[in-house]
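Here is the structure we will look at.
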Amino acid sequence: MASLTRQQKEAIGLLQIGTFLEYFDLMLYVHMAVLLNELFFPAADPHTASLVAAFAFCSTYVLRPFGALLFGYIGDNIGRRTTVIITTMMMSTSCIVMATVPTYAQIGIFATWIVTACRIIQGMSSMGEIMGAIVYITESTTPPAQYTGVASIILASSVGGAVALAIANLVTHCGMNWRIAFWIGAVIAVVGSLARTRLRETPEFISHLQKKRERKKLQKSSVPVSHTNRRDMLAYFCTECSYPFVFYVAFIYFNPTLKSLGYSSEDIIFHNFLLSLFQIAVYAILVYIVRYIHPIPILKFKSIFCFFIFCALPFLLHYSSSAWHIFVVQCLLLIGRGGTNPADPICISRFPIGKRFTLTNVNYASSRALMHIISSFGLVYLSGIFGHYALAILGIPIFLAYIWGARHFESLEKLQSKAIFKALEVAPHVHAA
């Protein structure tokens, strides 16, 4: 990121730290769910327990669209900087509550509702956090450093999840009190909130606000409605839908299979920790190669790779007879992973700046709310009927839509490149005339 100024590097560093902290706090419960669900939810038979686990998982994401509207309004009308500070404070508060709330055995169903409310708050704040960071970098930098900066935010979120798994391993293998983990998360989230007060608003958004004020002075009551292409929004939604589905399958779906192979809850947490280290390696490589390869070809490769993996997944699992076979399959899933990364700046730049924060947040949140419900509850029921073929039944249409979304943004980039090239060709003739 040599082309960045010192101020831009500092801003990206602060955003990376904040994203790391947010995802550490968010994923702490996700990866300790095999332990904590037993403490905060009533005991049940295996099938009901699977539904309870699905409910606990979905509670983090299902109300994100409402948070997207709230943070979208704040981000588009007050500022990107304000949003990322508020979300970090929300995360620290929920961690403090999680660290102190009594268990189901102590206060009954109230413990379930309190924990669920905390998970909802954490899901909403993490959504506003990562999208705020991505929009901030997109509006503050230019390619190719822009691509590297945004990809490093995704890497930071992955590192946060891995550290959460490391803490979960300490809890399960070394007997550390699980509440200490949430206290650690609360402390570092507070520190992150204070550090982010040093951020400055993005130049592009400041320019937008100035133009908005000038229009009001000219007695125009509002900014003219900017045109938003619905196909752009649909393509962005389709590409984002792929990510939560792959995440659920890679980190959650195989847990019952691992238990049937003799894994304990502690073994599953350690297994997922190794998996998260592989994911960090994939993202680190992506941060490096995006400096030399345009993000759109990478996005196309990911979409096609994911499609073929899910076509083959039922057959791969049919011949998987050990936990290490499962681990290899999970690693293959994480190579594709889904989502718009590393082409996020290209995709969100298609949205008008006055609506950008709202539109990107609503798309991001809606895709995760929908897909986590489909992946968790859908796979619970369909797997009982079709076995592992349920993965292909749900996955193939999702990844066909992913391929279409990637091709749509590729076509937009080609059109934009042609327009720029034509403008450069015309300019010398204009000067000559």
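Each Cβ is built from the backbone N, Cα and C atoms, and glycine gets one as well.
Annotation source TrEMBL lists domain 'Major facilitator superfamily (MFS) profile' at 11-433.
Taken from TrEMBL, the feature transmembrane segment covers 12-36 (among others).
Annotated transmembrane segment per TrEMBL: 48-71 (among others), in sequence order.
Tertiary proximity for the transmembrane segment (83-104) is limited to same-chain residues at least six positions away from its ends with a CB under 8 Å from its CB atoms, namely 15, 18, 21-22, 25-26, 29, 39-42, 71, 74-75, 111-112, 114-115, 118, 121-122, 124-126, 128-129, 132-133, 136, 179-180, 182-183, 185-186, 189-190, 192-193, 196-197, 199, 357. Residues or ranges marked as transmembrane segment in TrEMBL: 83-104 (among others).
Counting same-chain residues at least six beyond the ends of the transmembrane segment (110-137), those with a Cβ under 8 angstroms from any Cβ of the stretch are 11-12, 15-16, 18-19, 22-23, 25-26, 29, 36, 39-42, 56, 59-64, 66-68, 70-71, 75, 80-81, 83-84, 86-88, 90-91, 93-95, 97-98, 101-104, 146, 149-150, 153-154, 157, 199, 202, 344-345, 348, 356-357, 360-361, 364-365, 368. Per TrEMBL, transmembrane segment is recorded for 110-137 (among others).
Sequence-distant neighbours of the transmembrane segment (149-170) (same chain, 6+ residues past either end, Cβ-Cβ under 8 Å): 1, 4, 8, 12, 15-17, 19-28, 30-32, 35, 130, 133-134, 137-138, 141, 176, 181, 184, 266, 269-270, 272-273, 276-277, 279-280, 283-284, 286-287, 290, 341-342, 344-345. According to TrEMBL, the feature transmembrane segment maps to 149-170 (among others).
Annotation comment: TrEMBL describes 176-195 (among others) as transmembrane segment.
The transmembrane segment annotation in TrEMBL covers 234-256 (among others). Beyond the transmembrane segment (234-256), the same-chain residues lying 6 or more positions past its ends with a Cβ under 8 Å from any Cβ of the stretch are 30-31, 34, 50, 53, 57, 61, 268, 272, 275, 299, 303, 306, 326, 329-330, 333-334, 336-340, 347-348, 350, 360, 363-364, 366-368, 370-372, 374-376, 379, 391, 394-395, 398-399, 401-402, 404-406, 408-409.
Same-chain neighbours of the transmembrane segment (268-289): 31-32, 34-35, 148, 151-152, 154-155, 158-159, 161-162, 165-166, 168-169, 172-173, 250-251, 255, 258-259, 298, 323, 327, 330-331, 334-335, 337, 341-342, counting only residues six or more beyond its ends whose CB sits under 8 Å from a CB of the stretch. Residues or ranges marked as transmembrane segment in TrEMBL: 268-289 (among others).
Long-range contacts of the transmembrane segment (301-317) within its own chain (CB-CB distance under 8 A, at least 6 residues past either end) are made by residues 239, 242, 246, 257, 326, 329, 332-333, 335-338, 387-389, 391-392, 395-396, 398-400, 402-403, 405-406. The transmembrane segment feature in TrEMBL is assigned to 301-317 (among others).
TrEMBL lists 386-405 (among others) with the feature transmembrane segment. Beyond the transmembrane segment (386-405), the same-chain residues lying 6 or more positions past its ends with a Cβ under 8 Å from any Cβ of the stretch are 234-239, 241-242, 245, 249, 253, 300, 303-304, 306-307, 310-311, 313-314, 317-318, 338, 371, 374-375, 378-379.
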